[in-house]
Each structure stands twice: as C-alpha cells, then as structure tokens.
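Asker: Here it is: the structure, laid out below.
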Amino acid sequence: MPSRKFADGEVVMGRWPGSVLYYEVQVTSYDDVAHLYTVKYKDGTELALKESDIRSQSSFKHRKSQSSSSSPSRRSSSRSRSRSRSPGRPAKGRRRSASQSREHKDDKKKIIQETSLALVVLVLFKPSENNTKRYNGEPESTEKNDTSCIILEQKLKPDLEIKRVLEQYSLRSRKDDKKTEEIFSEKKTFVAVKPIEKVPSKTKELEFGGRIGTFSLIFLLPATVFYLLLMCKQDDPSLLNFPPLPALESLWEWRVFGVFLLWFFLQAVFYLLPIGKVVEGLPLSNGRKLQYRINGFYAFILTAAAVGVLLYFQFELRYLYDHFMQFAVSAAVFSLALSIYLYVRSLKAPEEELAPGGNSGYFIYDFFTGHELNPRIGSFDLKYFCELRPGLIGWVVINLAMLLAEMKIHNLSMPSLSMILVNSFQLLYVVDALWNEEAILTTMDITHDGFGFMLAFGDLVWVPFVYSLQAYYLVGHPTTITWPVAAAITVLNCVGYYIFRSANSQKNNFRRNPADPKLANLKFIPTATGKGLLVTGWWGFVRHPNYLGDIIMALAWSLPCGFNHILPYFYVIYFICLLVHREARDEHHCKQKYGLAWERYCQRVPYRIFPYIY
C-alpha cells in the first residue's frame, strides 16, 4: 500500500475540481481505502482530492519561477552595462548589440507568456463555460456582469497581434523555440479540464435523530397513518376520543392485497411503455448520467382511461372506501418488503452507487434512509418510479372513490361543494407534478437521499393515504360551505399554486440554461460549483418560495372541511413541520456545498420560508 505524501494539518496547494486553478488548502484527513485527501479551502469548503491534484507550496512556487522570464536583476544589470558602453567603440558596440538582443528576446518571451496567461484567463472566465469563473472565494461583485469578458477580449487584441508577429519573425534558435514550446505545453496542462471522480465517503452526520430516531420512525410512521384513518371513521374525531383498536384479522385480506399488487404492476407497465422523451439526470459522483423516461403524464391519462372503463362497466369504486384500512395495511406490508429487498441488494452495490446520506455503516439508519442511491433493475429505476407513479396517481383515484362514496352514502345527486374543492385542488397539484415530471430529477429525493424505508413508505403509503385525509374525512363528516367562502378558498389556492409553480419554473429554467435571454433580468451570486444562487425574483423574496406556495395550498385543501375538528388540518400542520425540517437539511447541505457564497446569499435573502416571520 503506498504511503501518504501529505500529513494532516499540512498547508498545500489543491486544484479546484473541474478547473485549472490551485488554491491554498489544509489537509484534514486521508482515506486509506480510496486514497483521497480531504482538504479544506479558506472559505470553509471541504472536498476530497487525489494526491495528483495536490502540490506542496514549495514545488508550486518553483514551477512558477521556471515559467517566468529572466530575473529582473539580470535585466537591470544588462541594461546598466549597455548604457556604460561608448557608442564610438565598435567591439563594445557588438557586445552592446548582443546585450540588446538578449533584452529584446527576454521582452518577447515575457510578452508571449503574459499573453498566454491572459488567454488562460479568457478561457477560464468565458461566460458560456461552466467552470471556475463563478468562484474565487471572494468574488469581485455580487451580481453577474457579462460585459467583463467583452472588455477583456478588446484589451487582449493588441497583445495577440504582437504574439502572432513575434512568432512569425522570431530570430531565436530552434533550441530556444523548443524550450519555449515545452514551457507552453507545460502551461497547457493547467488549461486541460479533468474531472475528479468523487467516491462517496461514510456518512458522518446522522439525521432524523440518528439510530434511535430512525428506529422509532419505522414504527411511528405506520402507527400515525392507522391512527388517522381510525379517527376519521369515528362519529366524534376529536383528539381526546381515542378510537378502539380493530381486530387484527380485520386488517388483512388477500383480495385487497392482490388488488394493490395489480395496481402497482399496472403502473410499472405504463412506466415501461416506449412513449415520452428520454432525458439525462444530474451527474453522479463518478461523472455518469442516468437516463429517465418522462411519461408520467401519459401514465395518468392511461390510468384515467382504465378507471373510466371500470365505471362504464359499473365497477364500484366505493370498494376502496369500504376497505380503506386494509388497503393501507397492504401498502405498508408491501413497502416494508420492498425496503428489505432494497437494503439486501444494496450490500452488493459498488461504493460509488451508494447514497451520500445513507452510508453510515449502521443497519437501522441505512435501512431507513436508503443505502443505495439509484437502485435499478435493468433500466427500471425503482426510486424514480415510486416517487410519482403508484402513490401520486393513486391519491387521485382514492379522492375520486371518496367523492363517489359520499354521493352514494348520503344519497346526493352531485358531490358537495367541499368535496369538489378538495378533489379539484389536489387534482391540479398532481397533474402539475406529472406535467413537470422532469423537474423532480434535481430534487433532494433523487440526487441525495437513497431509496430505503423512508421513501418507500412515504411514496406508497403516506402520500396516498394521508394526503387524501380531507376527502376521507368529508365522507363521514359532511361540511356545508357557501359560494363566497368557496370563492375565497379558491383564490387562496390559486395564489399558493402561482407562487409554487412560478418559483419552481424560475429555478428549473435557470438551472437548465442560465444564459437564456428570457432570464437576463435575473441576478445571482456565483458559487464554487459553477451554479448561481438567484437573488432576484421569487428566490430573492425568500430562500424557499416553493415551500411557501406549498403551505398556502395545503391550507386551502383543509379549509373546505370547516373548523369543527382539527383532524383535517393534520396535513397542513404536518406539512409545515416537514418543510421546516427539509429547509434545515437544505441549509446544511447548501452551506457545505457553496461555502462563502451561501453565507452571502443568506445575508441578501434573510427569510427562509415566511417573509418577515421565518
């Protein structure tokens, strides 16, 4: 095993990933398995670098001195000697010409090297490139200014012309030309961009309360779902009226489990259909990009057609309402079995395919958060499929079943106004998510979190059975609202949706193409990763405007249920807690990722979710 070259605490020069620039860093640790050094930059950013990308300060300075032209003292002494010669002495004059020739040669070499250095700067700071132009630890200006590159090009034109003429009419010997060529080739090695493979290290900071917290959540989450569903079935669903526990045999029915499996695999078939475009996700730690088929909206249309056929042949969707608890238990059992399968297969996954947040080495923690980042069976991405398809589309089908159940139980010719509002608002939310399916590829669930019990249970159980709580509540507890109240709630939902959609669209468009002329009015803070932090538009209003829109919509979904009980408001209360927790996770990851730029962004945009409050 090769021995390490740099010791912990040693100050060295480290190359910034994907660039040609070296910065002063301090070695903090060394991974003997991956042979990577963890170094800390002056702005607090920590990265893992290969030994070939680290140089000692002494060797770095030595290289710099070699690439420079002749020393200033030698040039000054040559000039002083040439000035001391008498113009009338021919022998001395010849010596004077040789000295002047050396001066001229040195000046030409200096011009060429300064011009090449300016070219390197021009290449690195060209606005269309995704490189270190966006970061130097201390950016000169907070906002992007694209005219700087044009000014630099205009200033360099005379130097480029001098370089061309000097190369064409140079009187240097071939030996000097070869030496200069070596210097240039040596400098070109700094220009070449070589991505650094980043091997995921062990998860050091445990979330969700660590091992004890995740162990508790494995039991607490299913218990919460079952408690909420039992409460909704009661005549008085108040918090003090604890529901009686049902018999265990009443919670399971194989026919219900078979219907759930049929639903799951039907959505899998829709996912595999060769319709819709194929896009690439964000680069993984090894630089590879996975491909995803975007056809969620087509799956929704096919599902709607299938449900329409069932209704045409008079299939009773009320079956969902009558066996709602059994469907929830079936989904929970399936999600647990899926989580066990995911963890077992992750034990054989390569190191670079493990999730950054689920590689702690603790069984319970990795089982809950997800050990493997993108588990796939061939081209079938399990996490991406479960994120939007069975649970989200199932949520709409459950809402429709509750609407039909309300009409049949209460002998209504049409559904209540409250039920229509809840179904319409949540249908809009689901259709929007499926229509903008590609945007999910940049979320934390896809890029950071592994696929374990947390996401499996959340996607297959929590989303369809908790998010439909308002519709389930209204079946047993009908609420009458007036048209003016309904109009006010509709306006509130539209405001929340507008904030949510416009903020997400602004972010996604900027990530996809920051140079889009339509986004020219947006200002941003450059970061070390080559990305920018928006400080205008919705993202200059609060740090997470999409969360603000989400919470406003959640409130609008609960208001049609009235104020008799707090149970239908569980969703908005839970959602506020969820988004505040997720915002804290985002803050932590962004601070590590963007360093000083994130601190400047927080100073520029002080409010996290609620303006002037939080």
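Including glycine, each Cβ sits where the backbone N, Cα and C put it.
Below are the features I grabbed from TrEMBL:
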type     : residues : note
COMPBIAS : 66-75    : compositional bias 'Low complexity'
COMPBIAS : 76-97    : compositional bias 'Basic residues'
DOMAIN   : 4-62     : domain 'Tudor'
REGION   : 53-109   : region 'Disordered'
TRANSMEM : 212-231  : transmembrane segment
TRANSMEM : 251-273  : transmembrane segment
TRANSMEM : 294-313  : transmembrane segment
TRANSMEM : 325-344  : transmembrane segment
TRANSMEM : 455-475  : transmembrane segment
TRANSMEM : 481-500  : transmembrane segment
TRANSMEM : 521-542  : transmembrane segment
TRANSMEM : 562-581  : transmembrane segment
Asker: Going through 212-231, 294-313, 455-475 one by one, which has the most CB pairs that fall under 8 Å from the transmembrane segment (562-581)?
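Answerer: The listed stretch sharing the most Cβ pairs with the transmembrane segment (562-581) is 455-475.
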Asker: Tell me the residue counts in helix, strand and coil for the domain 'Tudor' (4-62), as DSSP assigns them.
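Answerer: Looking at the domain 'Tudor' (4-62) with DSSP, the answer is 9 helix, 27 strand, 23 coil.
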Asker: Out of 325-344, 455-475, 521-542, what stretch is closest in contact terms to the transmembrane segment (212-231), meaning most Cβ pairs under 8 angstroms?
Answerer: 455-475
Asker: Mean pLDDT for the domain 'Tudor' (4-62), as a whole number?
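Answerer: The average pLDDT of the model in the domain 'Tudor' (4-62) works out to 80.
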Asker: Would you mind listing the long-range same-chain contacts of the transmembrane segment (455-475), meaning Cβ under 8 Å and 6+ residues beyond its ends?
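Answerer: Long-range Cβ neighbours of the transmembrane segment (455-475): 221-222, 224-225, 228-229, 232, 237, 264, 321, 324, 327-328, 331-332, 334-336, 338-339, 342, 370, 383, 386-387, 390-392, 394-395, 398-399, 402-403, 405-406, 409, 416, 418-419, 422-423, 426, 445, 449, 557-558, 560-561, 565, 567-568, 570-571, 574.
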